[in-house]
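Encoded as structure tokens, the structure appears first; notes follow it.
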Amino acid sequence: MGLRTLCLAIRYLGNEEYADWLAEFRRAERSIVGREEAVSRTIDQIEQQLQLLGVTGIEDRLQDGVPDTIASFRAAGINVWVLTGDKQETAIQISYSARLVTEAQRLLVLNADTLAQTEDKVRRYLQEIDCTYNPEYQIRQRRERPAIRDDLALVLDGGTLRHCLEDSLKFDFLFLAEQCGSVICCRATPSQKAAIVSLVKENLQMQTLAIGDGANDVNMIQTADIGIGLSGQEGMQAVMAADFALARFRFLKKLVLVHGHWCYDRLARMSLYLFYKNCVYIMMLFWFQLFNGFSGQVHIGQLYQVCFNLTMTALAPLIMGILDRHLRADILLANPILYSDAQNCRSYLPWHFWFNILDAVWQSMVIYFVPHLVIVNSDCDIWSFGDIVVSAGVITAVAHNALELRGWTGIHWFAIIGSPIVAWFGFALVLNVICTNCMHPDNPYYVIIRGVTTSQFWLPQLLIPFLALMPRLSVRAFRNTLRPNLTAQAMRLQSLHRHRTNPHLPLQTPPKSFPGPPPSMSRVGSMRFPSAPALRRLSVAWLGSGGGGGSLSKRNSMAHPASQGGGAPDRSESASAVDIRAGSGRSRREFDSGSRHHKRSRSLGASQRIRRPSVSFVNAGGEGVTMATTVC
């Protein structure tokens with residue numbers, strides 16, 4: 001049942017026996033060398049021949065929604081590790097109740113008293129699951145995440161964890177833990193929680209997020225990149241040390257799967273748009289230099305140059321980055337697999353950036369050369385030509401933003417319509433009327449007012465946006481038709497079934513990336529080296545418990561979603577959790593290594609793009625559950 005148990009016992013001591021023991025205990029406390037061991041031996045001397053008085057068992061129930069939240073994270077590609085201060089039996093039962101571990105998983109128990117025993121067990125488990133013999137090379141050089149084994153769960157206690165964090169063993173332990181569907185660390189101290197977070201950050205290059213509800217989670221929360229505190233009966237220390245505060249653990253589901261997804265998609269598309277419009281603006285000035293001998297003369301007024309980014313095209317990307325919603329919240333909650341697109345950085349890949357720059361160059365060419373061809377051999381002056389170019393640039397940039405918007409509201413319409421009408425035409429008309437004697441030699445007095453009365457001004461405004469945006473529109477149409485990702489599928493189904501009451505969508509999920517059935521666990525002596533498949537996105541979560549514990553999990557984001565049905569009844573566990581989700585894709589690097597075959601080791605070579613995952617930590621103590629997670 002996962003009860004918190006406590007045994008009560010008694011022993012009667014005589015005055016002389018107690019006085020002798022107390023003197024020895026005080027000498028042990030004053031020891032400089034080996035103080036901890038001396039105190040422990042002294043305590044063991046008196047804790048003998050005890051008479052059992054009774055046993056207590058307390059059921060600390062889980063908060064509502066904890067199993068469902070964990071199941072949704074697993075379906076989203078986020079696995080969970082448990083770092084808890086409870087005893088091993090309690091931690092395992094709580095993990096079953098919270099759906100961290102299933103009956104189908106084999107528990108790899110890693111309990112050892114010495115460093116040598118721990119090293120022997122870790123190496124033996126690595127051989128049993130057919131892993132490469134050189135984990136440090138795999139972690140430091142190849143940087144490829146191993147195939148996640150959902151049929152395995154690793155269990156270890158605090159003493160064994162202390163040995164696993166030694167320099168000689170930490171890479172082996174980390175490589176073994178990476179491949180297990182769940183990891184349960186029992187009797188973990190607050191310092192060990194922080195040490196595991198630091199180990200993941202430094203060696204796996206993860207972005208980490210921690211969540212906890214007690215003072216024993218403060219170190220973990222502060223070590224992580226982002227900290228979340230749960231308010232509860234264990235005090236406000238975790239909340240005060242965190243970046244965000246939540247009242248219930250179940251709120252983490254919406255924070256990660258909905259707001260995290262929205263935030264990443266908004267920022268990714270807004271960043272690309274900001275690069276795009278700045279490139280368009282610079283290239284509009286550059287093309288004119290080809291016709292003036294690179295003298296530095298410009299065809300756009302100084303005030304227009306200042307206001308192009310400051311006011312004329314500023315409102316639309318701001319609305320995109322704050323209010324745009326490509327999918328409804330209920331759809332994101334009902335289909336956690338959609339979060340894998342955010343983990344895999346589908347909205348901001350390297351080729352997106354370079355395609356964006358090339359598209360900006362193409363659009364700037366259309367914006368400049370179409371008016372140039374229209375006014376060639378005419379009496380149009382340089383400032384009238386500049387007004388045509390600026391007007392076409394503003395309209396095209398705003399139309400480009402309209403293509404990127406996913407959800408339309410009244411504010412979106414105002415931003416799209418208001419930018420060219422108010423920020424450009426209204427500003428230019430007022431400036432051309434009142435500026436009778438200013439800004440020499442490019443005085444704009446009545447220039448645009450005379451221009452809007454000619455066909456030379458309006459013909460490019462109708463033709464340029466269509467020609468400039470056609471390549472982008474064509475590429476998007478072909479891509480969404482021939483090879484749509486999960487988000488594109490969901491957006492299409494959302495538009496077709498706008499009034500559908502059931503938010504679950506029939507998405508075509510990618511195939512499972514684990515190649516074939518798992519190898520036999522009985523072939524201890526055989527060594528099989530995995531091939532170099534496409535880079536898998538890794539997600540990890542730590543769930544912890546009040547006694548200085550927590551939990552951690554990791555999962556291949558390309559795997560099939562975990563079943564959300566069924567599950568044990570809700571139970572509470574004071575646990576701290578770290579969720580490492582593959583995430584933001586802020587840094588990508590490529591490593592090339594040659595393939596060498598050896599009896600004991602092999603280096604796998606491939607040019608692979610590295611994405612930096614994100615990490616989240618969770619802790620449930622008392623009535624609250626503490627959890628940390630990284631949001632893209």
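Note: Cβ is positioned from N, Cα and C throughout, glycine not excepted.
According to TrEMBL, the feature Mg(2+) binding site maps to Asp213, Asp217. Taken from TrEMBL, the feature compositional bias 'Pro residues' covers 508-520. Sequence annotations record features per position, and here TrEMBL assigns domain 'P-type ATPase C-terminal' to 239-485. For 501-523, 549-610, the entry in TrEMBL reads region 'Disordered'. As annotated by TrEMBL, transmembrane segment applies to 274-291, 303-323, 353-370, 411-434, 446-469.
Here the transmembrane segment (411-434) has long-range neighbours at 303-304, 307, 311-316, 318-319, 323-324, 387, 390-391, 394-395, 398, 401-402, 405, 444-449, meaning same-chain residues at least 6 beyond its ends whose C-beta is under 8 angstroms from one of its own. If you take every residue in the domain 'P-type ATPase C-terminal' (239-485) and average the pLDDT, you get 87. Contact counts against the transmembrane segment (274-291), taken as Cβ pairs under 8 Å, peak for 353-370 among the stretches 303-323, 353-370, 446-469. Only residues 6 or more beyond the boundaries of the transmembrane segment (353-370), in the same chain, are considered here, and those with a CB under 8 A from a CB of the stretch are 272, 275-277, 279-280, 283-284, 286-288, 389, 392-393, 396, 400, 460, 463-464, 467-469, 471-472, 475. Remote same-chain partners of the transmembrane segment (446-469), defined as residues 6 or more beyond its termini with a Cβ less than 8 Å from a stretch Cβ, comprise 362-363, 366-367, 370-371, 374-375, 378, 380-381, 383-384, 387-388, 391-392, 395-396, 399-400, 403, 428-429, 432-433.
In the three-state DSSP scheme, Asp217 (Mg(2+) binding site) is classed as helix.
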